[in-house]
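Residues annotated as active site, proton donor in TrEMBL: His113. The N(1)-(5-phospho-beta-D-ribosyl)glycinamide binding site annotation in TrEMBL covers Gly15, Ser16, Asn17. Residues annotated as (6R)-10-formyltetrahydrofolate binding site in TrEMBL: Arg69, Asn111. What TrEMBL records for 7-186 is domain 'Formyl transferase N-terminal'. The site 'Raises pKa of active site His' annotation in TrEMBL covers Asp149.
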Amino acid sequence: MMQKTPIAVLISGRGSNMRALIEACERPDYPARIALVLSNRPDAAGLEIARAAGLQTIAIDHKPFGKDREAHERKVDAAIRASGAEIVCLAGYMRVLTPFLVNAWNGRMLNIHPSLLPAFPGLHTHEAALAAGAKEHGCTVHLVTAGVDEGPILGQARVPVHAGDTPDGLAVRVLEQEHVLYPAVLLDFIINRYAE
Ligand code: GRF
């Protein structure tokens, strides 16, 4: 049996990228296993998917913490550490992080973003790409640093923008690529870049 690096996947909703990571991790030759799926939203649909896959899940609702985002993150960080995870994959985790969590996982936290960064950081990327008349759009996996959607790029996948594309149609085509890109980049990261 190969050594699989334990990872935590952080979600807030649907969890389709998490599902792609689950499926990759189920392959015997894939170098990661999921030690924990964590959501800041107790009702995230992705939690059900993770439970059905037999994974350990936890919901840590951010709402009781009010404006104290770091206090919430300290609970999140403790849960990740308790799981034994060594790498954190943000997969639709819709929280802006404080320096506490960014620094705690410096160089070991990845995020997937639905644009070809540095173009279109933030929300509503598909609308923004269409409004800008972009000929090409796509997705990026990057290391998480203090600036939102600014960390070093680990990999990108491109999709052409067609005449008459709608934000929703474009989102579907980008999402297909996200599901291929994230497991591929995580594999490369673990094999080639991640040294304990
Ligand atoms: C994806 O588009 C991802 O790039 C962005 O949020 C969305 C999450 O979707 N960060 P899902 O929960 O993985 O289905």
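Every residue, even glycine, has its Cβ placed from backbone N, Cα and C.
Annotated features taken from TrEMBL, shown on the structure.
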residue : record                                                  : DSSP class
Gly15   : N(1)-(5-phospho-beta-D-ribosyl)glycinamide binding site : coil
Arg69   : (6R)-10-formyltetrahydrofolate binding site             : helix
Asn111  : (6R)-10-formyltetrahydrofolate binding site             : strand
Asp149  : site 'Raises pKa of active site His'                    : coil
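Summarising the environment of Asn111 ((6R)-10-formyltetrahydrofolate binding site), the number of other Cβ atoms within 10 Å of its Cβ, over all protein chains shown, is 24. Listed recorded positions: Gly15, Ser16, Asn17, Asn111, Asp149. Those with a CB atom under 6 Å from ligand 1: Gly15, Ser16, Asn17.
Other residues of the chain with a Cβ within 8 Å of the Cβ centroid of Gly15, Ser16, Asn17, the N(1)-(5-phospho-beta-D-ribosyl)glycinamide site, are Ile11, Arg14, Met18, Arg19, Ala20, Gly46, Ile49, Ala91, Gly92, His179. Annotation for the binding-site residues Ser16, Asn17: lowest Cβ count within 10 Å of the residue's own Cβ, Ser16. For Gly15 (N(1)-(5-phospho-beta-D-ribosyl)glycinamide binding site), other Cβ atoms within 10 Å of its Cβ number 23.
On the backbone, the CA of Asp149 (site 'Raises pKa of active site His') and the CA of His113 (active site, proton donor) stand 7 Å apart. When the recorded positions Arg69, His113 are compared by the number of other CB atoms within 10 angstroms of each CB, Arg69 has the fewest. Within 10 Å of the C-beta of Asp149 (site 'Raises pKa of active site His') we count 17 further C-beta atoms, all protein chains included.
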